[in-house]
Structures are given as structure tokens and as C-alpha cells.
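Encoded as C-alpha cells, the structure appears first; notes follow it.
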Amino acid sequence: MKAKVRILDMYSGRYSVFINEKEAKKAKLHPDDLVKLETGKKTVYGSVTISNLVKEGEIGISKDVLQLHNFSEGEVVTVLPSGAPESVRYIKKKMNGEKLRKVEIETIVKDIVDRKLRDIEISSFVTALEINGLDMDEIAALTIAMAETGDMLDIDRKPIMDVHSIGGVPGNKTNILVVPIVAAAGLTIPKTSSRAITSAAGTADVVEVFAEVSFSLDEIKRIVEKIGACMVWGGALNLAPADDITIKAERALSIDPVGLMLASIMSKKYAMGSQYVLIDIPTGKGVKVETVDEARALARDFIELGKRLGQYVEVAITYGGQPIGHTVGPALEAREALQALMSGTGPGSLIEKATGLAGILLEMGGVAPSGMGKKMAREILESGKAYQKMREIIEEQGGNPDIKPEEIPIGDKTYTFTAPTSGYITAIDNKAITGIARAAGAPEDKGAGIELYVKVGEKVKEGDPLFTIYAESEARLDQAIVFARRAEPIRIEGMVLQRIGNI
């Protein structure tokens with residue numbers, strides 16, 4: 001059938017096209033049927049939503065579809081039913097526990113990107129990976145397919161370094177120090193980062209406090225070839241586009257298949273042209289990987305996958321049992337990171353981790369002798385060279401290179417929790433800290449978050465401040481206070497834990 005495009009000023013939350021009920025009956029189309037829209041220039045796929053938002057002879061295009069494909073109001077398109085793609089058969093094959101061939105994986109990924117697969121079919125694929133897993137042949141094929149269906153970056157400055165943390169630790173502003181340290185040593189490090197999904201601040205959220213983070217690949221290439229580094233939001237790029245689609249299914253199902261996680265991370269490194277990749281795997285209670293044994297197994301997978309992609313990969317297993325530094329939330333973390341770069345010093349957990357990771361990269365890149373990377377990284381930080389490189393990054397990304405930490409605005413609604421008793425800090429709950437910061441409005445409210453005054457092992461007296469919540473509104477502050485009282489994020493105990501009498 002022929003139909004005129006009507007642009008709908010709405011997001012449907014899915015990749016849908018809207019057809020009038022009478023029109024759908026005539027065309028024998030049903031809800032969720034896959035259709036293709038053909039014009040002289042392109043073919044676009046979408047799932048049918050039957051709605052009287054559009055009239056007979058019209059097809060409604062939501063903003064979800066417009067984000068990827070250009071349509072004009074009133075443009076005439078041909079609407080045709082589309083049968084189930086071949087990739088559905090391959091998904092069923094994986095559901096049955098069978099190994100997928102390279103061409104089958106490539107077909108699935110291409111159909112995900114082209115939107116030939118509907119949400120339910122993508123969810124089935126993700127579930128099959130969670131239940132039946134992928135071997136390394138399949139993971140490598142999936143990684144390359146995810147990268148090659150998107151844009152690829154080609155930077156002339158070599159070698160190209162990269163670092164990625166699998167996350168889970170609140171306050172992880174480490175890479176805001178690592179990137180300028182590594183670039184100040186003469187290595188190239190184009191860092192793409194994510195925004196927060198379940199955390200209180202992704203690296204991109206923090207960097208955005210003092211610089212722009214959304215750039216095209218051409219703009220990134222220009223910045224990196226000029227100054228050797230960038231810190232940008234990966235979501236603004238068409239890198240491994242299948243990943244963004246499958247992540248939605250993972251979130252909805254609350255699952256994270258290991259093979260898909262490996263492919264998700266490494267496909268973007270492959271697309272960025274990274275030659276040397278350092279993976280940071282934090283371990284500890286309340287993070288994604290809780291034991292060192294789990295971390296070692298995952299490390300072996302990353303290293304093996306890197307070999308198959310032609311990348312040299314090393315893994316750092318790091319302590320993730322409590323927040324890094326003293327702040328959680330975009331603006332608060334930006335202040336702390338900038339202060340550390342300006343002064344060359346800062347909280348021990350932040351400086352130790354940042355110089356440790358940067359040192360490994362300096363050794364991997366051949367600018368520091370084996371075993372001397374951390375010392376060199378600390379010297380670069382303390383000399384002010386890393387801060388000068390950070391100023392260049394901020395300026396090239398459209399920010400003010402002269403900005404001072406105290407000039408970064410933070411929430412003006414605050415509440416401080418104090419120690420209810422004297423004793424020692426025996427635990428800080430990562431998930432609770434993140435939950436409080438998010439309840440306060442982070443990451444959407446840049447000035448929201450938490451400032452911690454204590455760390456595990458420290459002694460406190462009754463009435464000593466433990467942490468302050470920052471919010472941009474009274475309502476958000478009240479919400480965070482209620483959450484904090486319920487969550488009890490900091491545990492204080494005396495040296496005598498329990499007294500037991502005669503039994």
C-alpha cells in the first residue's frame with residue numbers, strides 16, 4: 001500500500017510505525033507485524049502499532065525512527081509486509097544450545113541494526129546468550145560484526161591506547177586523571193565513555209561539567225590528532241550500534257550475558273582503532289565482580305579476545321570494596337578530579353588507582369620501563385604536565401581551560417549525617433551510596449551527589465560527620481535523606497563486636 005508520512009511529535013519507546021485501524025484491516029496487518037517502508041532511496045523496517053493518531057492513507061513515524069532515518073512530512077512511501085528474517089532461525093538455534101557460525105552471527109547483528117528484528121526477538125537472543133553462553137569463536141565473531149556494522153575511526157597518531165573499567169564502584173573519576181597523564185607522556189588515547197546507566201555518574205557525565213562531550217568522528221579525529229587525547233560520550237557516535245539496542249533488552253530483563261558484555265566493550269575499542277587496551281576489573285562486595293577468582297577468569301577472556309582482534313590487552317584487578325575518592329555525583333567528582341590534577345595530589349584511593357592504571361598504559365606503550373610506569377605517572381601528575389594536558393582537552397572540547405574547582409556549581413540543598421556512636425568504620429555499602437546519590441538527583445542533576453568524610457578502617461567519635469548529601473531541590477534532598485536512613489550506607493562497630501555470657 002502507499003501512504004503519506006506523518007511525523008509524530010512523540011517517542012514510542014520502540015521502533016514503531018503507526019497505521020490507522022481501518023488501513024491495517026485492509027492491508028491485513030496486525031500489531032507488531034514487521035513491515036518495510038520503501039522510497040526511491042531507502043528501505044526502513046518497523047513494527048506495526050495500530051492507532052487512530054493517524055488517518056487512513058497516512059503512516060505515522062515517531063521520533064524513535066526519525067533519530068536514525070530522515071523522513072519528510074507528506075513524503076509518499078510504499079508499505080509492505082515483511083516476513084520473519086532468516087536471523088530468527090539462527091536465534092532459535094542458539095536457544096537450543098547450538099553453536100552459531102560466523103555468517104549467522106553477522107546476519108543477526110545486521111538485522112538488529114537494520115531493525116528487521118523486533119524487540120521480542122532481540123530479547124530472545126539476549127536471553128539465549130544468558131542461558132547457553134557463547135564460546136570464544138562466537139564472541140570474536142560477534143565483536144567484529146558489532147564494530148563493522150557501525151562507524152570506524154582511523155587515527156594517524158600511533159600507538160593508540162585505551163582504558164575501560166567494567167564499573168560498579170561509586171566515585172570512579174579515575175580516567176579523568178589517567179587520560180591526561182597518558183597523553184602528556186606522548187601516547188595517543190581517544191577515550192569514549194558512557195553516561196551513567198545505574199550509577200550516579202559515568203565518566204561522560206563528569207567531563208560534561210567542564211567541557212562538551214558530544215562530537216562527530218571527524219571532530220574526534222581532529223582533536224586527537226592535534227593534542228593526542230579526548231574524553232567524549234560514545235553514545236553520540238555510531239560505534240557498534242547493535243550494542244545500544246541489545247543493552248535495552250539486557251536492562252529490561254536485568255541480565256548481562258558475559259559473552260555479550262565482552263563483545264560490547266571490545267567492539268567499541270576495535271571500532272576506535274585501539275591497539276593497546278587496559279581493562280580495569282574492580283572486585284569487592286557490591287560491584288559487578290565480587291571475587292578475585294571471577295575477575296581472573298574474566299581477565300583471561302578479555303586477553304584471549306584481544307588476541308583474536310589483533311589487540312594487546314592487559315587487565316588490572318583493582319580493589320572495589322568502597323567508593324573511590326571522597327565524592328560521588330558529576331559536579332562533585334569533577335571538582336575532586338580537577339583539584340587532583342591541579343595540585344598533583346588528592347585522596348589516596350584516587351591517586352593510587354589513577355597512577356597505577358596510567359603506569360600500566362605507559363609501560364604497554366613503551367614510554368616507561370617495566371616496573372617504572374607508576375613512578376613515571378606520578379611524576380607527570382605532580383609536575384603539572386597532566387593538568388596542562390587536561391587544559392588542552394577542555395579547550396579543544398569547547399570548555400573553559402581556566403576553570404577552578406570551586407567555580408563548578410554544586411547543589412545548594414544539603415544535609416549531613418553524623419556518627420550515631422563512636423567506633424571504627426567497618427564497611428561502606430557501594431550500592432547504598434549510589435542509591436542515595438541517585439535519589440538526590442544524580443546524574444541528571446549535575447550538582448547532586450554525596451561527599452564522604454570517612455573510609456573503611458578509620459575511627460570516628462559520636463557526632464563526627466560521615467557524609468553530606470547535595471541536591472538541587474528540597475524535594476530531592478528529602479527523598480535522599482529517607483533513602484539514606486533506610487539503607488544505612490556506613491557501618492560503625494566497636495572493637496568488641498559481641499559479648500556472650502554463660503550458656
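All positions are counted from 1 along the displayed chain.
Positions of Cβ are set from backbone N, Cα and C atoms, glycine also.
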Per Swiss-Prot, member of K116, K226, K288, K307 binding AMP alongside G168, S194, R195, A196, I197, T198, S199, T203, S264:
K288
Roughly how many Å lie between the Cα atoms of D256 (active site, proton donor) and G168 (AMP binding site), rounded to a whole value?
13
Max CA-CA distance, Å, over listed AMP-binding residues G168, S194, R195, A196, I197, T198, S199, T203, S264, K288:
18
Assigned element (helix, strand, coil) containing S264 (AMP binding site), judged by DSSP:
helix
Ten-angstrom check, please: count other Cβ atoms within 10 Å of the Cβ of D256 (active site, proton donor), all chains counted.
16
